[in-house]
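So that you can see what the record holds, here are the features copied from TrEMBL:
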REGION    1-22  region 'Disordered'
TRANSMEM  65-83  transmembrane segment
TRANSMEM  89-111  transmembrane segment
DOMAIN    91-227  domain 'DUF4131'
DOMAIN    286-576  domain 'ComEC/Rec2-related protein'
TRANSMEM  310-336  transmembrane segment
TRANSMEM  348-370  transmembrane segment
TRANSMEM  391-409  transmembrane segment
TRANSMEM  415-433  transmembrane segment
TRANSMEM  460-484  transmembrane segment
TRANSMEM  496-519  transmembrane segment
TRANSMEM  526-545  transmembrane segment
TRANSMEM  551-572  transmembrane segment
TRANSMEM  579-596  transmembrane segment
Amino acid sequence: MGGRTATAEQDERIQFDAGNPAGSMLEGMPARTSPATRGATRARVFPVAGNLARLTTREEARGTGFLWLPVLLGCGALVYFTLPMEPPAHAVLSAVLACTAALFLVSGNVLQKRLLLALLTVLLGFAAGKLETWRASTPMLGSEITTRVTGRVLGIEHRADGRHRLTLAVTETERPRLRYAPDQVRVTARAIPAGLRPGDGVKGLARLVPPSGPVRPNAYDFSFESYFDGVGAIGFFLRDPERAPLSTAAPIGTRLSIGVQVLREAFADRLRERLPGPEGEIAAALIAGVRAGIPEEANEVLRRTGLAHILSISGLHMALVAFTVIGAVRLGFAFFPGVCARYPVKKYAAAAALLVCLLYLFISGAAVAAQRSFIMLAVMLVAQLLDRAALTMRNLAIAALIVIALSPHEVIGPGFQMSFAATAALIAGYAAWNRWRERRMRGRHVQQERTRLQRVARSLLLYAGGLALTSLIAGTATALYGAWHFQRASPLALGANLAAMPLVSVIVMPSAVLSVLAMPLNLDGWPLAAMGWGIARVVEVATWFSERTPFDATGLVPVPAVILLTGALALMTLTTTRLWLAAFPLIIAGGVLLLARDLPDVLISEDARLVATRTADGRLAVNRSRPNGFTMKNWLHAMWSQERTGPRAGDGSATADPETFGCEADVCIARHTTGALVAHVKTPRAEGTDHVRLRTLCPSVQLLVIEDPTVGAPCRAGEATVVTGRDLALRGSAQVHFKPAGGGRHEASVAFAIREPFRPWHAHRQFARAARGLGPRSGRAPR
């Protein structure tokens, strides 16, 4: 059996090992004549074309084409979710059927078949996105409203500030009764009834609002994520909620989900009891996936040092759990040499690891990131059970295909992109390392004798070097997506990971596994103590590096640069021949686009209350003294600024100080570094402001932002560009670029975050009161 296993693993490695002598063997083997080979024969006078044909043939022989299937499938899903309008279902189905028919009808021409197969894969990804959108069909709240909500608790998050966030399955609304009530809502409460658990019923007076859009164009879209999470509204209880009886039983799927949530809460409570303070909250995040209670200070130092990935249950955690179980099982079998000689204990260990990881998936809440990581690990463990190599690009491609087929919308999220980019880069990087080692050792015939001290020192050096190389490869592969989604980079991430990851790998996660297994026997005291000690040291390491981390914002990353650099990463990781050199032109082009990026001149929030301009010294001048903290933080990172400047009172004229907004009554004016004037007006009905004042601003300013959604554009053609509250309520936040218009004037070019016609996750915006030109509701809230 051992010989058979070794042969099977060697055969699979040969397919993906560019440095293996099998590469030259394949070139000498007779094979069917492909179009690429015939083209190379006809183009002998063109050496580049001939080389490309030979390299393509070699890639085809090694099965590299299969590795591109998830890339094409993901591209199809990406195209669907980024379209400016919703495609009709019959058009998508017709395109898939037509391409499938063409694939079966084309005969003889291999190149045409491969092109049609690639197109069909893209269309299938497109169709998967359309199907998932139809399957979700989440009812979204159209406008802000205060109502009495009754619902079944699906989940409880105990936040670090003492508040509680409840996810409710809405069973009833009253005073007023909502005609189009969302199925699920997330509401925050200052206090909740004692002993409240998932599955219980609650009721209370709540202020509900629709999920917000991006805080700026191309930013994280909360309404998109809420749509696919099934959450149609967010809000807060105006008074503490009360328990409420529920007249109907929950569906079987909901009952199973509630059971998992109850188990998670029990684990989290046990961990908080045994490990009070931040250590217990981080332990709850690592074991039960409950992150809400982690103090913001701990979150921030981990983010600044590139260690925040340890808080999200992902491939790292699944792998450490699996390796701990495999090591423990094989160590146990090692005490019985006879059993090891007669039975495949390696497979038994892999099966045990698969079962424990499945349990870990459910305990952690089965979040999307955890599901994705489990699928990747399950594919690799099943490969071990089938006598195949576990960590190969082919297995990674299978995992990616499964994830995209199940949750296509994850393709545009940071978790999917960073996870698969890091794993692909690590597999490719260590494959290159192994090829280099084989070439280096090929000429050596005598094993060098080493003392025990030398062997120990060499092992420690190799471990440290491997950890550094892992952090460097994974950090480089994911840096692009971290900068794109979060506009942040961690300059000291390599050092922080080198110092902290041995603690996580050797102490924290193995102790977590032991504590979960020992918890039913009430023997989890010492494993949790070890886990808490390790977590405390990790936080200390993160704090030390965070205090020495320079400014970590990167500013906006252009989308074309992301596309080019992603293509370069795919070429460098998926190809096994010199075709990877084609990545360098893409890297150069992407780098040029990064250097030539054009940051916005003005940012406007979707509620029209906040406007920011970039000053000459790189600060952000804003029109409010107390802006929304989350929005402001995102804008600072996106605009590559370290601080903001609030408004000054007493001057609302067009000659305002260019460094700040000058505000008088409800008018604020600032001069941009280009010389263009930006004005923000609260409402024309407020004291000291009227339509006449608006008309006087039109000729003198280049951008006029009116917060009141009931006001139309007061300016004539050729005067100021006007953005009203109604525009922003419909199309979301906006960014503005000033372009020279001649005569020393500048014209404002406005780009909104959301385009019309609306996609399903944005369709609710058209029903908002502000989007219909109506002011907020007046009157007292219902009792």
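Using the three backbone atoms N, Cα and C, a Cβ is placed for every residue, glycine included.
For the transmembrane segment (579-596), the residues of the chain that approach it from at least six positions outside its boundaries are 52, 55-56, 59, 557-558, 560-562, 564-565, 567-569, 571-572, judged by C-beta separation under 8 angstroms. Break the domain 'DUF4131' (91-227) down by DSSP state and the numbers are 48 helix, 40 strand, 49 coil. Here the domain 'ComEC/Rec2-related protein' (286-576) returns a mean pLDDT of 87 for the predicted model.
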